[in-house]
Each structure stands twice: as structure tokens, then as C-alpha cells.
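Below, the features straight out of TrEMBL:
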BINDING   G11, S12, G13, K14, T15, T16  ATP binding site
Amino acid sequence: MQIIGITGGIGSGKTTVAKIFSLLGIPVYSADDAAKEIMVKDPLLVTQIREHFGDAAYFDDGSLNRKHISNIVFADKEQLELLNSLVHPATIRDSEAWARQQSSPYVLKEAALMYETESFHHVDKVIVVSAPQALRIQRVMKRDGVDRNAVLARMHKQLDEAIKLKLADYIIYNDEQQMVIPQVLSLHRQLLTFSSQSDGRF
Ligand SMILES: CC(C)(COP(=O)(O)OP(=O)(O)OC[C@H]1O[C@@H](n2cnc3c(N)ncnc32)[C@H](O)[C@@H]1O)[C@@H](O)C(=O)NCCC(=O)NCCS
Ligand SMILES: Nc1ncnc2c1ncn2[C@@H]1O[C@H](COP(=O)(O)OP(=O)(O)OP(=O)(O)O)[C@@H](O)[C@H]1O
């Protein structure tokens, strides 16, 4: 079974594209969702996050105070690196355990920070979802009800899209000019062929 990574800058539409693969029967692991779950369920991680980001990092019911954490980390590079160094290794371990339980010609691992983190080394191929920056900003402002500066703060913490496109094995253009579903269907067929031809990993 192959593990295919799917990534793209904030608002590129990677979650939307991953949902289309999921409708085709492909298991999808969301590193972003898993990270949030691990951050409330892993007792060691919860203690570390409280120690570094204060008790306000969690609400009284134990849920994560995302606003508190984002205000700190997206304004301070060192704080973001610290958070990432705590959360990312645990997420990679969790995704590997998940992949071992799947039976499908290939599975998708969706992660916003595939190239920025070690995740890239744990997948066989990477799909990059691409969209123009202005469109990405508009989408996230609308989806999350946040202002342009909040989107830019996250965007500036991510690898430039041009670099991701150079590193990509496959690209899906989600620019609202080119149709997305035919691109996904074509790639799905290619990935099924690769999976059946390769014995083990690519
Ligand atoms: C900082 C947190 C609490 C902010 O939560 P919030 O709900 O406001 O944002 P959300 O998680 O939906 O992220 C929105 C987008 O911001 C970007 N983003 C999130 N985390 C990061 C990061 N560490 N570095 C750069 N961009 C990021 C991604 O494009 C992501 O899809 C949350 O993102 C978090 O816990 N991040 C650390 C874990 C992580 O790195 N997750 C992403 C990849 S595994
Ligand atoms: N082709 C499209 N046409 C219209 N809206 C779209 C399209 N693709 C994505 N969107 C919308 O843009 C927003 C961002 O998409 P999505 O959440 O899939 O992006 P993402 O890359 O996963 O973002 P993030 O990095 O923030 O998690 C969503 O509200 C989604 O519904």
C-alpha cells in the first residue's frame, strides 16, 4: 500500500480535494485534525502545552483554546517552533499507526505542513494543491471569519507555494478556472495503476 501525502498552502483547498478522494473510497488521514485531537488526549502533551503556553491553553472542560495558542505562536517564531516540536512527532507516530490499519491500494495523508516537517519523509509521493494567493486569502477570511492579517500571519509561517510546486510529484490546480473533479479522477486512476504495479512502496 502506498501512502500519498496531500498538502498545499492555507486555503488552497487540500481538505476539499481530499474529500473527493474520500468519496472515491480512499481512506484519508487529516494531520491537522489528528494534531488537535492528540493535543487534548495525550496526557504528556497536555502537560507540556500547559507548562509552556499557560493554563489558558485549555478551557475548563479540557478543550483546546485555539485562539489563545494561535495568538502566541503566529506572532512568535520560537513559540511556533516549540509547539511544532511537541505536536509533530506525536502526529507522525499516530498517522503511521493509522496507515498500518488500512487496506486500500493507497491512502492519503493530508497535512498543511508536509514539506515544513518530517512528514514528507514518511510518504511515498506528494500531491500539492495549488491556488493563487489572493484567492486563498479570500477563502480563509470567508471560511474562518478572520481578517486578512490573521491569514497572512499563518501564510508567512508556511513554505512558499513556488517551492512546494517544485517539490511536488503531482499538482492539482484549484484556482476556480480549471475543473477539479476531472483532475482528481485522472490522478486517482494513475495512483491505482502505480499501486497495482509496484510491489510494496514506490
Ligand atoms: C495553532 C492552532 C491551535 C490554531 O488553530 P486554528 O483552529 O486557529 O487553526 P487551524 O488548526 O484550523 O489551522 C488553519 C491553518 O493554519 C495553518 N497552520 C496551522 N498550524 C500551523 C503551523 N504550525 N505552522 C504554519 N501554519 C499552520 C494551516 O494552513 C492550517 O490548515 C493549531 O493550528 C495547532 O494546534 N497547530 C499546531 C499543530 C500543527 O502544526 N497543525 C498543522 C499541521 S500538523
Ligand atoms: N474550487 C473551489 N471553489 C469554491 N470554494 C472552494 C474551492 N476550493 C475550496 N473552497 C473553499 O475554500 C475554503 C478553503 O478550502 P479548504 O478548507 O479545503 O482549504 P485548506 O487548504 O484545507 O485550508 P487550511 O490550510 O486552512 O486548512 C473552504 O471554505 C472551501 O469550501
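Placed from the backbone N, Cα and C atoms, the Cβ positions cover glycine too.
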I want to verify one value. Collapsing DSSP to three states, which class is K14 (ATP binding site)?
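Its secondary structure by DSSP: helix.
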Across all protein chains in the structure, which of the binding-site residues S12, T15, T16 has the highest Cβ count within 10 Å?
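Counting every other Cβ within 10 Å of each candidate, the maximum falls on S12.
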An 8 Å radius from the center of the G11, S12, G13, K14, T15, T16 Cβ atoms defines the neighbourhood of the ATP site; name the other residues of that chain inside it, in order.
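Output for this site, in sequence order: G8, V17, V129, A131, R139, N174.
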For K14 (ATP binding site), what residues in its own chain, 6 or more apart in sequence, show a Cβ-Cβ distance under 8 Å?
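Expected: I6, T7, G8, E110, A112, V129.
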Can you name the residues of this chain that are 6 or more positions from G13 (ATP binding site) yet have a C-beta less than 8 Å from its C-beta?
V129, A131, R139, N174, V180
With every protein chain in view, how many other Cβ atoms are within 10 Å of the Cβ of G11 (ATP binding site)?
24
